[in-house]
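Copied over from TrEMBL:
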| type | residues | note |
| --- | --- | --- |
| COMPBIAS | 18-27 | compositional bias 'Polar residues' |
| REGION | 1-47 | region 'Disordered' |
| TRANSMEM | 61-80 | transmembrane segment |
| TRANSMEM | 92-109 | transmembrane segment |
| TRANSMEM | 156-175 | transmembrane segment |
| TRANSMEM | 187-206 | transmembrane segment |
| TRANSMEM | 226-251 | transmembrane segment |
| TRANSMEM | 272-295 | transmembrane segment |
| TRANSMEM | 315-337 | transmembrane segment |
| TRANSMEM | 409-430 | transmembrane segment |
| TRANSMEM | 442-463 | transmembrane segment |
């Protein structure tokens, strides 16, 4: 088995319910008493109860819920009028069911990753009886380097699921439903905004909200166990191993060897490098097929966009997604960097000063999630091949092979490696230099604006309902506080010493 570089590890994102902002376990910023108010609650929490102060958050929750419900209606109508690729090629009912199954599975993956990372240091005997399925999941994920391998495989799985959701719910060219005005058709249907909002709120943010402090209940199911096995299998297959080649290249450049790479026997080394060669070959083939399809106009790209523009847009969006993926890694990497050292790099210092002030880091993480999801859906439309029956296939392949190209799998491989994992490695190797890119400042401003708009605030309402229905309880109810766990551990150690 191959090891996964430390640079691919993802820190869990914690969300404070009611604040519409996630908080990372890595941040050291604390709210002052003035910021939190006399009742000990943050302003955003108090706003929900304090008279005239509650208008802004309630307005955000309300209009975001309206947008969410409207988006669900629009996407459903588009599917059942056979105006999506999956509905037209297969069946509307299949497309509808698959859309919701994948959205729910995406939620499990999005919330599950943070749970597995967050539960890593927790003594498993504390929840062995109360959460037997969570115990199976954590034992599997925390064995050896499986957690890092899970993160790599899961990243591809997330991208693939988004690509298939795009096939199920994105409208075909010229679609129109519910007699909507042309401008609403362009905004919500043709541009894919309705599907993006639905996926971001229901398939990502809602899960992350509840998984933040209900980790045990969230992963106490067989779906998470199956997801973990599938993610580990994807990594083991070697499909994404070309990312390790990037790791080795940057290890040579920086002169820093990765601690996560174990010693290998000769057969293990041969198997490892064969998978790297296989992955590079798959990535190269995927790029060639996708580029040929783009130049021939045989993708699901928006109508009216010239082929050269489509190619340019593809690489620009992957670079943008990669920049946001790497930015998160780089920001966590410089959190504890001495201020004097950071000041030697003015642009990076400017970015850090903005992000680490107030709750901007938390707001950035939510805005970043929205941006990444939007870009993923657009990339899915750009890279998914579309060749109808009777048309000439790409490279003259058989209809069966062309149908495989049409699944979007090739685009998912490209996006995962080039648009995500490779950028994380670069950001981990050169965090300060990465943050010195002037575009980072503008990107962070965009993310902060998206979070402040409240367009996805419905996630908090849906999360509260989900928590009640699923009967989720905070982890502290099962595990106690970290301080109490440490105290119990100390008492147990003292008793053991006395017995010996």
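Including glycine, each Cβ sits where the backbone N, Cα and C put it.
Automated prediction, rather than curation, is the source of TrEMBL annotations.
Counting same-chain residues at least six beyond the ends of the transmembrane segment (272-295), those with a Cβ under 8 angstroms from any Cβ of the stretch are 2, 237-245, 264, 301, 307, 310-311, 314, 382-383, 385, 387, 394-395, 405, 410-411, 413-414, 417-418. Beyond the transmembrane segment (442-463), the same-chain residues lying 6 or more positions past its ends with a Cβ under 8 Å from any Cβ of the stretch are 17-18, 20-21, 57, 59-61, 63-65, 67-68, 197, 200-202, 205-206, 209-210, 320, 323-324, 327, 351, 354-355, 360, 363-364, 366-368, 370-371.
Remote same-chain residues near the transmembrane segment (156-175) are listed as 75, 78-79, 81, 83-88, 95-96, 98-99, 102-103, 105-106, 109-110, 185, 189-190, 192, 195, 198-199, 203, 227, 230-231, 234, 239-240, 300, 302-303, 373, 376-377, 380-381, 384, 407-409, 411-413, 415-416, 420 (criterion: CB distance under 8 Å, separation of at least six residues from the stretch ends). For the transmembrane segment (187-206), the most Cβ-contacting stretch among 92-109, 226-251, 315-337, 409-430 is 92-109 (pairs under 8 Å). The transmembrane segment (409-430) shares more Cβ pairs under 8 Å with 315-337 than with any other stretch in the list 92-109, 226-251, 315-337.
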